[in-house]
Each structure stands twice: as C-alpha cells, then as structure tokens.
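> In case it helps, Swiss-Prot gives these features for our protein:
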- Ser179: active site (ACT_SITE)
- Asp385: active site (ACT_SITE)
- His437: active site (ACT_SITE)
- Cys86-Cys346: disulfide bond (DISULFID)
- Cys247-Cys258: disulfide bond (DISULFID)
- Cys282-Cys314: disulfide bond (DISULFID)
- Asn52: N-linked glycosylation site (CARBOHYD)
- Asn113: N-linked glycosylation site (CARBOHYD)
- Asn137: N-linked glycosylation site (CARBOHYD)
- Asn290: N-linked glycosylation site (CARBOHYD)
- Asn335: N-linked glycosylation site (CARBOHYD)
- 1-22: signal peptide (SIGNAL)
Amino acid sequence: MARTHLLFLLFVLLSLATSSTSTKEQEEDRIKALPGQPKVGFSQFSGYVTVNESHGRSLFYWLTESSSHSPHTKPLLLWLNGGPGCSSIAYGASEEIGPFRISKTGCNLYLNNFSWNTEANLLFLESPVGVGFSYTNTSSDFEESGDERTAQENLIFLISWMSRFPQYRYRDFYIVGESYAGHYVPQLAQKIHEYNNAYKNPVINLKGFMVGNPEMDKNNDRLGTITYWWSHAMISDASYNRILKNCDFTADRFSKECDSAIYVAAADFGDIDQYSIYTPKCVPPQDQTNQTKFEQMMQMHTTKRFLEDQYDPCTENYAEIYYNRPEVQRAMHANHTAIPYKWTACSDSVFNNWNWRDSDNSMLPIYKELIAAGLRIWVYSGDTDSVIPVTATRYSLGKLNLRVKTRWYPWYSGNQVGGRTEVYEGLTFVTVRGAGHEVPFFQPQSALILLRSFLAGNELSRSY
C-alpha cells in the first residue's frame, strides 16, 4: 500500500515537472467571450488537463476569475458537483454560484446578481472522466470509475493546472461541493493534506472545505431520509412503520422486503420535485398536453409566482441546449476530440454505471482526521431537500461527538431568518431556510452570505 502511494506521489511530481508553465499555454485557454454573453470585466479560461496519458484521460475545467477590483487578492475556490456523474458546469456554474445564467432559449446569458465570483476565483471541474466534456480514450475506464481514482485524478489535475496557472500557487484554496461531492470534497482534501505533508513548500495552500446536503454516512443518511419523509408528511404512518419494520439501515444491501416497503412509500410522495419539496417541478411544454386547462392555468400561476423570485425549475434544460451549441464549444475550447455523444448535465456512462468500483460507507473518519489537522470545515443543508435531507446530516454529524462551542441560533439574511447554525470544535453546521438540494439555486442571497462568513472564518450574523 505504501509503495502504491509512493508511486502515485512520484507520478504527481512528474506531472508537475513536465507541465508547461508558459504564459502561452494559459493564454490558449482564455475565453474571449461566450456566445450571447453580456460584457464583463473579469477573465475566463477553460480547457483540458490530461490526468492519465496512457489511457487518454482528460478533465475539463472552467475558471471564472473574481469580478472584484483585485482578483489577485481573492482565494481560489474549486466547486465540485456529485451524482456521481453530474457536471459542475451544468449545476454549479450555470444554476448556482457562477457569474452567468442561461436564457430559456439557450441562446443568451445574463448576469447572476449573487455570483460567488465577487468573493473568490471560481474553478469548476467536470469530474470524473465521462462527465460533461471530460473524456477518456479507453472505454473500459468507465468500468473502473470510483471514489479513489476520482480523488487521485482530481489531485493530479490540480497540481498540473497550477503549473499552467502559476499565479494560483500558494493562493488560499478552498473546496466546495454538494450531494455526492460529500465524498469527492473531503476525499480530495485528504489527498491534498497527505501530499502537502510529503513535500516541503507545497503549491496547494488548502485552507478548508465546505459541503452542502452531502452524502456523509450511509447508515445515518438512510435513517435520516426516512425520518424526514415522515416528519414532513411525505409518507403515511403505515408506510413509515413498514419501512422501520423491514429495513436494516446498517446492512450493505437492503432486503427485498425493505426495497418493497420503500417503493410503496415513494408512491405517497406524488409527482413532486424531491430535491425541493415545496417548489413546482419542471413541466416542459410537451408534457402539458394531457393536462386540463385548469391544471395548465394553475401550473402557470404557480411557476410565475416562483419565477418572480428568480426561481425557474427548468434551468437544467437550458444548459443542455447551450453547451451543445458548436459555437459555445469552440469558444470554451471544448470537445476538440468530437466526443460521440451529446453533452448532458448528468452522464449516463457514469451515473447509470453500476460498476462504480468503490464508495466508502462513511466519510466520518476523514472528517475526524481533517478536523484534527486544523482545516476549516463547514457543512450546510437546505431544509427542503428530501434526497439528502437535513435530518440525515444532523444524524451523521452527531456521530462525530464534537464539543459545542456556540449553541444553536437563527442567523439572518437581510431582515429575514436565513436558517440556523451551531458551531462545534473544528466544524460549523448551517441550515438554509427554504432551500432545496442546490442551496445557491434556491436561496442565492443566503448562500452568498454563507460563503462570505465561511471564507472569513466568522460565525453567521445573529441580527439584521
């Protein structure tokens, strides 16, 4: 095991030594302007970084530098989405924290008033290979995807990328992600921590990480999810009790009786967006043909009410139109190998791949290690997500047995309660009121306030 780790570090070192540090390579990745983009004052870069030469594995990135007057003083923030198999460009960049939003036609971009690039230089990475524009020349690689290889190749990417962008070496660096990135983020942070301990003067100045609605611990995630369904009146008492009777949440695999109980309970939900249980789900025009006039009218009324608050449940569809446009791909230096499939928000080759090689049951041992290492760690949870709900996260965090520094209190976003928070020794937990699975998408102002407090290392405001 030690020899394997040493060989990996030597490979990373070789990658660093052979990567070009020339301005030319960086300039080749510069985006002059994206199709339909409003005029902006910040720089953008995108392109590929090879993470495995022999197999032809390359990861695609998009850097949007800070819009502040002094981007060179702002930290670098890497954003990762989960799945596994979902694109950080589709979700993180285009729906959540990036500087642009995509119009309904997929033709134009408009500014996100709550973009996180006011506070940091944002690096979006499509990982692992097979996600978005990231690719491999070896088809069998899809059968070898897993947590360990993803973490290793994300580290290789970062070191090689920093040789292309040397101005970000030693810059304060943070990793943020959501959902299954609850695995990716702490696992990458652990790899960086190990790498930094192995070398003098390491180039990645990791300060901390933050995860939202994260997968943390399989047993507690399962129990917390069922509890949320029942406590939020999504399932009946009978369904809840049937699940408790037939399901062993500590088992590696559920029994047939448990699967059946969960299947029956899911029918209690109705046709809702499970990632945001109180907002309307996306209903594309072609799906409205079987609706009555009254149903169509009510759908339009409900959607209009939420759109006035800048919420649109169909934004994922607009991204798939925009990023498949040839002129957009040319502007982003993407798909230069003519990948034989369309760009999608979530990749079938990864998302539907039952051959995902390894997925740790619990991230809690990594949390304990990195808390002891002194990293800044925040965990936040949108309280209307039923897929990885706040109850699951609270159960998981409870297993860490951390000492409470600042007891539970409401924090404010403007003149409204933004959520609640509790501060522990080595970790801060935050709920975001009225937010679903993608917190910055549903509550952009609150999410930006959350980011500012995280980067500053300050507790969230108790008053407005």
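One-based numbering along the chain as shown.
Note that Cβ sites are derived from N, Cα and C of the backbone, with glycine treated the same way.
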> Taking 10 A as the limit, how many CB atoms besides its own sit near the CB of Asn52 (N-linked glycosylation site)?
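So the Cβ neighbour count for Asn52 (N-linked glycosylation site) comes to 20.
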> Helix, strand or coil by DSSP: which one applies to His437 (active site)?
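Note: His437 (active site) is coil by DSSP, not helix or strand.
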> Which residues, sitting 6 or more apart from His437 (active site) on the same chain, put a CB under 8 Å from its CB?
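Same-chain residues close to His437 (active site) (Cβ under 8 Å, separated by 6 or more) are Glu178, Ser179, Asn213, Tyr275, Ser276, Gly382, Asp385, Val387, Ile388.
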> Quick one: among the recorded positions Asn113, Asn137, Ser179, Asn335, which has the most Cβ atoms sitting within 10 Å of its own Cβ?
Ser179
> Using DSSP reduced to three states, classify Asn335 (N-linked glycosylation site) as helix, strand or coil.
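Asn335 (N-linked glycosylation site) sits in coil per DSSP, no helix or strand.
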> Could you say whether, by DSSP, Cys86 (disulfide bond) belongs to a helix, a strand or a coil region?
strand
> Output the one of Cys86, Cys258, Cys282, Cys346 that, of all these disulfide-bonded residues, has the highest number of other Cβ atoms within 10 Å of its Cβ.
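Highest number of other Cβ atoms within 10 Å: Cys86.
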> Of the recorded positions Asn52, Cys86, Asn113, Asn137, Cys258, which sits closest to Asn335 (N-linked glycosylation site) by Cα distance?
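Ranked by Cα distance from Asn335 (N-linked glycosylation site), first place goes to Asn137.
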> Should Asn113 (N-linked glycosylation site) be counted as helix, strand, or coil on the basis of DSSP?
coil
> Compare the C-alpha of Asn137 (N-linked glycosylation site) with the C-alpha of each of the disulfide-bonded residues Cys86, Cys258, Cys314, and give the closest one.
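If we rank Cys86, Cys258, Cys314 by Cα distance to Asn137 (N-linked glycosylation site), first place goes to Cys86.
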> Taking DSSP three-state, what's Asn52 (N-linked glycosylation site) in: helix, strand or coil?
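Where Asn52 (N-linked glycosylation site) sits, the three-state DSSP reduction gives strand.
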> Taking the disulfide-bonded residues one at a time (Cys247, Cys314), which has its Cβ surrounded by the most other Cβ atoms within 10 Å?
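Result for the most crowded candidate: Cys247.
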